[in-house]
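Report on the following structure.
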Amino acid sequence: MTEAVSDVTLAKASPKPNSFWTLALGSIGVVYGDIGTSPLYALKESLTAASAGGALTQEMIFGVLSLMLWTLLIIVTLKYVLLIMRADNHGEGGTLTLMALLQSVMRRRFAAISLLGMAGAALFYGDAIITPAISVLSAVEGLKLVAPGFDPYILPLSMAILVGLFLVQSWGTAAVATWFGPLMLIWFGLMAVAGTANLMDNLHILGAVNPIYGIDFLLHHGHAGLLALGAVFLTVTGAEALYADMGHFGRRPIQVAWLVLVFPALALCYLGQGAMLLSHPERLENPFFLLFPDWALLPMVWIATGATIIASQAVISGAYSLTQQAIQLGLLPRMEIRRTSETEKGQIYIPRANWLLLIAVLYLVFAFKSSSALASAYGIAVTGTMVLTSIMAFFVMRKCWHWPAAVATAIIVPFLIIDLIFLMANLLKIVDGGWIPLMIGVGLMGVMVTWRRGSKIVARKTVRDEIDLNDFIASISVSSSISRVRGTAVFLTGNPNSTPTSLMHNLKHNKVLHEKNVILRVATEDVPRVSEDERLSYEPVNDSFAKITIRFGYMETPDVPKALVACRPLGFAFDMMSTSFFLSRRVIRQANPSEMPRWQGLLFVNMAKWSDDASLYFKIPTGRAVEVGMQITV
């Protein structure tokens, strides 16, 4: 007997909405941490590249400052704040979110869109590794101005701070995150005040607002101009965070925080540094900290260290979020995901990702030893991500917003040209360390492509060996050799219309069926979060069998037992103590010949070994899970 599919709403208390200004303050502490700490090193590195070891001139200062101000205006304000942030997927943003949005409307170009999304995600990890290293190093280096003899201790102190930061990740940041906004508000306020004070000493620097100075600088400085342009891009590293963190704070609070506070504070700080350097070019050694009087140096070093820790925390949390999305979208193997807060949806901790990030960050600090050396590796990953975002934004305009091709092209092409110019300038850094984020990006891209391809092969071979569920039910209904046992068996499967392998193996070896049998499919949708009234589909097949589909968004952590509780009002009496969950544990072997190149097959086999158990990932108690082994060759 087959009945109509029923939908159920999971009861959930709605959190009290935060006020607009509370969200804006929160965005200052999380979204703008990375871009807000760029004044520590951006102007210094840009002018160092421009002068190429020679004398620093007024023309260089005006030209570089002009490029920095207009880069902030065009890339952050016009491109991200006013355009890209419109391309949300149910309120969420980010590279993989953009990919999922396009996949839902561009099925014919699914593979191409997937490659763009995977490339953007892979490059983000390169940025996530460099940001904590360069941020903390640049802040701690300020101690050299306070105590020149402290130089030998900068590296170990920076590494100690970073180790401490990663060690406390498992505790969660909910308790201290409320302080991020106020602390960064103080940070931006101090930058604005110090910049204004120095600006008032030399108002002539305001002429740098004229874009002609920037254009003239590039036209007359050749190779040094391109190197300086690559360093100028350091002013906007972190701009992707505006889009990626949109789901946590909302579009409007992030936009208002940028226009009202962050952009003016950054502009004043850069102009103040420029004004100071016009009178004191010898201060290029560390123009940020030398904005402040001697008595304020030590407090500013500690405040800057706090700001860089906050910036690093934001990037680390972003890496966790991106990893969770990649796992849910089938781009990475399953990993343990721990929730560190019962109230904040974005508070998660992924142990394996945490330790891999820590090892990579410490390696960078040890290998490069200074923020100036690390600056050569910074920027390539971010520019690559921005190029990919521009390309995907074009397709959003055409396929989601239905804008005419001429309009979409006229808007995106200028941004894309600017992105490509910055990418070209940053590619000059490859031999000086820029190869590192590229290597990380290429490696992670290979990992994601391999996992996706191998998973498709496994799924296809699994379905090929299974039989139709209705045929199976019909065959056992006339069999008298099968014993029935009390309780409920839940069989996880990717295809609810075929008989799960775990069910066939259980019947083959144990010769029994449970009184109630549930064919359970856990689906990941192309939306960040599934509404509770669309979470669950329940379809009774007969008195002994039923089909259930549980839907999760790609930013949700699947909790199967919790979701099954919602079936009780429909007549499915879910009781954990009388329910057994049957899962297929696949042992992957490389076939000969294989459908994948040898290196890719070996990589997939090893990733499958590293993948966490399905019972752990779906929050199924170990004592209620039964794993049935099977071997598949790829």
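Numbers here mean position along the shown chain, with the first residue as 1.
Just so it is clear, glycine is given a Cβ too, placed from its N, Cα and C backbone atoms.
Quick look at what Swiss-Prot lists:
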type     : residues : note
TRANSMEM : 20-40    : transmembrane segment
TRANSMEM : 64-84    : transmembrane segment
TRANSMEM : 110-130  : transmembrane segment
TRANSMEM : 148-168  : transmembrane segment
TRANSMEM : 174-194  : transmembrane segment
TRANSMEM : 224-244  : transmembrane segment
TRANSMEM : 258-278  : transmembrane segment
TRANSMEM : 290-310  : transmembrane segment
TRANSMEM : 348-368  : transmembrane segment
TRANSMEM : 377-397  : transmembrane segment
TRANSMEM : 405-425  : transmembrane segment
TRANSMEM : 430-450  : transmembrane segment
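Contact check: the transmembrane segment (258-278) against the transmembrane segment (148-168) gives fewer than three Cβ pairs closer than 8 Å, residues 6 or more apart, which falls short of the contact criterion.
With a cut-off of 8 Å between Cβ atoms, the residues of this chain six or more beyond the transmembrane segment (348-368) that come close are 128-130, 132-133, 136-137, 155, 158-159, 162-163, 166, 169-170, 172, 316, 319-321, 323-324, 335-340, 374, 377, 433, 436, 440, 557. Counting same-chain residues at least six beyond the ends of the transmembrane segment (430-450), those with a Cβ under 8 angstroms from any Cβ of the stretch are 115, 118-119, 121-123, 125-127, 129-130, 326, 331-332, 360, 364, 368, 373-374, 376-381, 384, 596, 600, 603-604, 607. The listed stretches are 20-40, 148-168, 290-310, 377-397, 405-425; of these, 20-40 has the most Cβ pairs under 8 Å to the transmembrane segment (174-194).
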